[in-house]
Amino acid sequence: MGADNVDIFKHIVFRLPSLPVQIAAMVGLSPIYATLTYVALNEFAPVELQPWVVPVGAFVIFLAPFLVAAELFYHALPDYPRHWSYFLALTTQLFLFIYALILSGADTGLNAWRIVWLALITVSLANVMVLTVSVGPERLRRIVPLSLVQPLLLIGTFQFFIGRNVGVSEASLLVNFGVLLVVVAVLVGFLKLFDYLIGSNADVSAFALTSGLLKGERSALDLGYPARPDVQTLTVDNGRELTLAAPWIHPGPLGGFGGGELSSEVIDELNDAGTGFFLHVPCTHKEDLADPADVTKVVDAIGNPETVSAASRLHAAEYDDLEFYGRTIDGKKIVFFEAEGIDDYHPGVFMRDVSKDDVLLVDMHNHHIHAELDREIQYGTEEADRLKRCFDDFLEQLEGAETFPYSAGFAVDCGDHPLMALVEEVGGQRTLVFGVDTNGITDDLRAQRERFKGEFDEVILFSTDTHASVHDLANMDDFDIETVTNTVRRAADRISDARIGLTNDRTDRLRLLKLDYSGLVFSVNILIRLVIISLAAFYVFLVLWVF
């Protein structure tokens, strides 16, 4: 998943603690921060504070401003989740504590005053940056005032308890607050500049894309090239019909953008009026849909093949790190494969001279769900040629394979994470194909596959390579094995004489990202790093300027 550029969402946004935990942390950390600040100031600063400062400081400095801000972020930005709001407040609460420790080392009143304002500026900048990325730049007019709530409350607290007693004038506060506003304005200018640079190169707003992913919005990308991709259909009919759709389109880019929800939407459509599932073919993100509405065209291209009542046994072959499983039906071939450590393949690697009318090739995509795969096999490379030779050799092995009467049973469960089981009996051989609508396989699914091997001659486990949910990409560590077992049992109980067929059709005209995907990814990757470097340099300049 390294190539999918979702690590920041996986490791930060979607692994946040629950809201009760965050509230408890904010309340619990306040007296801890206040106590440590009290000890540090008394130990290192030329002041002597009284113990009563600890409970007062815990409430008015480390708790109230951040609790108020967390609730304001949530209520003033309705699409900003409350647990995100509290996490942001917890983060800025930590920043303030760090600056309080730094303050204890100030050797003069002037330096202490500068540290106080640098702390307030840091809190404001963090709020502006995070909120803009989360809800989009179109909310900046609301984000900027909200980001100033904590600094204003802290300034008011300072002036009430300390400032007026040591002669700090309101005019001085206004001047320094004006500096804070200038710094915030500079940051807003930076953000707009970076968004413009990405948009001018990739024709998409990076902040709109990011906030859309975070909020789970559906949106078309104004990118891509016209295409009419193939959609292969495998049908199994034992009195009931199972439709397996294999569009030559990659699920992605992510979430509601483009075809990120392709597999789940196809599965939903197939099971509205019948029974079906999604098969992932070997292709790359350059075959992503640009517009989620085009899923309808994919569904419309799902065919109704002619079926036969005989098939060959399932043959298997292993070529070092490459595994193939396949059978023939009426001269056509259905092949499943997996290559260790490889994420995606250019569509021409395997199928450049193979008719999709005659061969269905399914990428099992059964690597570990949290494996960071970034290997993509490009057409015309040595590795592509090696894989192609292995594939051609396996197809030759299937040529002329003896056929036998075909029996099958199947079941599909359309729960939170849909899964499909197909049990086939051919020529005395009993096989299981089961797949899940995930991006990779969990440890418990792998263990269940091993247990199934005691019941079946061959077991094929695949995932759909879905990109529908960033949350699942980040957090899925296990699967509902009881549901898997029950689904396979239902499929086995329904075995009867069956017919099987394969056909291929093309969609109506739609847009695939193609080269625009590379432009999007490269632009975002480069400019994200540029943003980080520039903001770091800007902050260093800010520190030097303040001091």
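Each Cβ is built from the backbone N, Cα and C atoms, and glycine gets one as well.
Predicted automatically and left uncurated, TrEMBL annotations should be read as such.
As given in TrEMBL:
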type: DOMAIN; residues: 9-544; note: domain 'DUF2070'
type: TRANSMEM; residues: 21-40; note: transmembrane segment
type: TRANSMEM; residues: 52-74; note: transmembrane segment
type: TRANSMEM; residues: 86-106; note: transmembrane segment
type: TRANSMEM; residues: 112-131; note: transmembrane segment
type: TRANSMEM; residues: 143-162; note: transmembrane segment
type: TRANSMEM; residues: 174-194; note: transmembrane segment
type: TRANSMEM; residues: 519-546; note: transmembrane segment
**Asked** At least three Cβ pairs under 8 Å linking the transmembrane segment (52-74) and the transmembrane segment (174-194), pairs spaced 6 or more in sequence?
**Response** no
**Fill in**
For the transmembrane segment (21-40), out of 86-106, 112-131, 143-162, 174-194, most C-beta pairs under 8 A are with 86-106
**Folded-back contacts onto the transmembrane segment (174-194), same chain, C-beta under 8 angstroms, at least six residues removed** = 117, 120-121, 124-125, 128-129, 132, 137, 140, 144, 147-148, 151, 155, 206-207, 527, 530-531, 534-535, 538, 542
**Prompt:** By Cβ distance under 8 Å, which residues at least 6 away from the ends of the transmembrane segment (86-106) in the same chain are close to it?
**Reply:** 16-17, 19, 22-23, 25-26, 29-30, 33, 36-37, 40-41, 43-45, 61-62, 66-67, 69-70, 73, 112, 115-116, 118-119, 122-123, 126-127, 130-131, 150, 154
